[in-house]
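The block underneath contains the structure these notes are about, expressed in structure tokens.
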2 protein chains.
Amino acid sequence: MQVDEPVRLPRLSRVAVCGGTHGNELSGVYLVREMLKPENRKEDGGPASLLMLLSNPRAVQQCTRYVDTDLNRCFTHATLNGPASEGAPYEIFRARELNNLLGPKGSRAAVDLICDLHNTTANMGLCFIAYSDCDWVCLHIFRHLQKQMPDTPMRFIHFDVSTKESYSLDSIGKHGFAMEIGPQPHGCVKSNIYTAMREGVQHMRDWVSCFNSGCVFEGGPVDVFTMVKNVDYPRDGETRNITAAIHPRLQDRDFCLLRPGEPLFQTFSGETVKYQGDEALYAFFINECAYYEKGIALSLARKRRVTVPSIHVQTDEEE
Amino acid sequence: MQVDEPVRLPRLSRVAVCGGTHGNELSGVYLVREMLKPENRKEDGGPASLLMLLSNPRAVQQCTRYVDTDLNRCFTHATLNGPASEGAPYEIFRARELNNLLGPKGSRAAVDLICDLHNTTANMGLCFIAYSDCDWVCLHIFRHLQKQMPDTPMRFIHFDVSTKESYSLDSIGKHGFAMEIGPQPHGCVKSNIYTAMREGVQHMRDWVSCFNSGCVFEGGPVDVFTMVKNVDYPRDGETRNITAAIHPRLQDRDFCLLRPGEPLFQTFSGETVKYQGDEALYAFFINECAYYEKGIALSLARKRRVTVPSIHVQTDEEE
């Protein structure tokens, strides 16, 4: 019987942890501020250099999601490289600054790994959100956190979008993912959510140190939720105001399987609106407050099992 | 043995239900919109006229708490009657409009009862918030809701502030209270919170109809939480940023008794900060997101039992 050799992957020399990409998602804001304190900046013995930053300082200052436009939709190739007029939104300028600092996106100069910290009002536990379901680095870090934090509900979400069209800050690193933790109201800090994020980031750093220093990580299965579609709230034809909320039987049940005919919304006059789709899918981002303006009441995903190979860092000669 | 005669109180001819005093507290916004629909405006047989309105339409439009300043702090005598300069905050003008419509505060022309609808991110269930602990109308309505909605945690909060200094919208009615329901993130609607508010408002309307048509309401005890003081988060001396969150043992435990020496905060580096007061008090508005800017991490109250007398509407001759 043949044992597969571990896949050899390049060292992760430069890692970035970003908070405040949305200025009112406060766990990441306070965690990055804490990590930036001089007494916490001592090297942890790992060979990776760690860059920490607040992505949208103006929005953080105002405790709003963004100032002019959603920063975390500004990292497409088109927005980063198109012409920028004088009166362009602040976030477009800031996206280009961040691309210079951490990218350029798609280049050899880009940082090796970006972990971008987010909160959601949805009851999603701790999620990794990434554009690839075969980025072994992200998937191994996810497996490591699952093992280290067995009491924290944890899922891996895959947005099936091409590199060119990927739009979020983490897409400018060679590897990258958003660490999304909820439920927490925006503009609020809850200890348990903050602590989960702090532990998650520490375990990620430990994993990177261990990987760089030559540990072999055994492969295995990971359940991946691949985004299929978004569903909007029922709305008034004229005013576009929503006319229903998430049904109480679905609220807070992120990652449950939603079957055709099951309750989806409850109108403000009390009627139930059922899910009309013809495929059972997994619901997530249920009632994320910041998505009302995007026309998203919840997202739906298909689940499948991905087998992750064992990995090992490349030696200097291989690089 | 002498049986006390019911206290006779004037008819409640004009009742106002207000939503969107804070534009991102959405249960009240959607409930008022629903109640304003032509098909829902048919008279319910009660003799009271019902006025429904969105208090801060500009903030509702933007889905923010306020545009320039907190509307619900603008109803003091000083702010309503002081000089208004050209560039004064929008909310000061709006407060005066509302005072003309529903007041004037302290006058015979004021509406008889104002119920102002609010949400909180704190886990407070359904609360009445009022400036009096001997307003028998408000206390009887509260008792009625307690009886009709036995599964909803319900408390009566008393802010011990003089009429002159009372600052909130409900203070311009002859009787008034805020109906505060949580937990719900601001900018979000949750079905269960919306439904509790809808039922609460309907039971209030039923009670007013019944009172006006001559029902006698038996007296009895009510537990009243009288606000004693607010407690701020620990903050950095220089930046004024908060340096700790509510301790996980206290978070979401609104109306628990906080004893001296018990955990109050957890700093972002993980240490516990204990409650230093010398009196055990009841904690509420724990981690209300909109109060970070006001320097309030939680409020503390004393609980006492108030005996409410039986009441009966005055006859026409008595009025």
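All residue numbers here begin at 1 and follow the chain in the order shown.
Using the three backbone atoms N, Cα and C, a Cβ is placed for every residue, glycine included.
Note: TrEMBL annotation is automatic and uncurated.
Database features (TrEMBL):
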| type | residues | note |
| --- | --- | --- |
| DOMAIN | A:13-206 | domain 'Succinylglutamate desuccinylase/Aspartoacylase catalytic' |
| BINDING | A:His22, A:Glu25, A:His118 | Zn(2+) binding site |
| ACT_SITE | A:Glu180 | active site, proton donor/acceptor |
| DOMAIN | A:221-303 | domain 'AstE/AspA barrel-sandwich hybrid' |
Here are some recorded positions: A:Glu25, A:Glu180. Which one has the most Cβ atoms within 10 Å of its Cβ? A:Glu25
Across all the protein chains here, work out how many other Cβ atoms are within 10 Å of the Cβ of A:His118 (Zn(2+) binding site). 25
Using DSSP, would you call the residue listed as 'active site, proton donor/acceptor' helix, strand or coil? strand
What does the DSSP secondary structure composition of the domain 'AstE/AspA barrel-sandwich hybrid' (A:221-303) look like, as residue counts for helix, strand and coil? 3 helix, 36 strand, 44 coil
Relative to the Cβ position of A:His22 (Zn(2+) binding site), how many further Cβ atoms are located within 10 Å? 26
Which residues, in sequence order, are found in the same chain with Cβ within 8 Å of the centroid defined by the Cβ atoms of A:His22, A:Glu25, A:His118 at the Zn(2+) site, excluding those residues themselves? A:Gly20, A:Thr21, A:Asn24, A:Gly28, A:Arg65, A:Asn72, A:Leu117, A:Asn119, A:Thr120, A:Glu180, A:His186
Taking only the CA atoms, the spacing between A:His22 (Zn(2+) binding site) and the residue listed as 'active site, proton donor/acceptor', expressed in whole angstrom, is 12
Over the domain 'AstE/AspA barrel-sandwich hybrid' (A:221-303), what is the model's average pLDDT? 97
C-alpha spacing of A:Glu180 (active site, proton donor/acceptor) relative to A:Glu25 (Zn(2+) binding site), in angstrom: 10
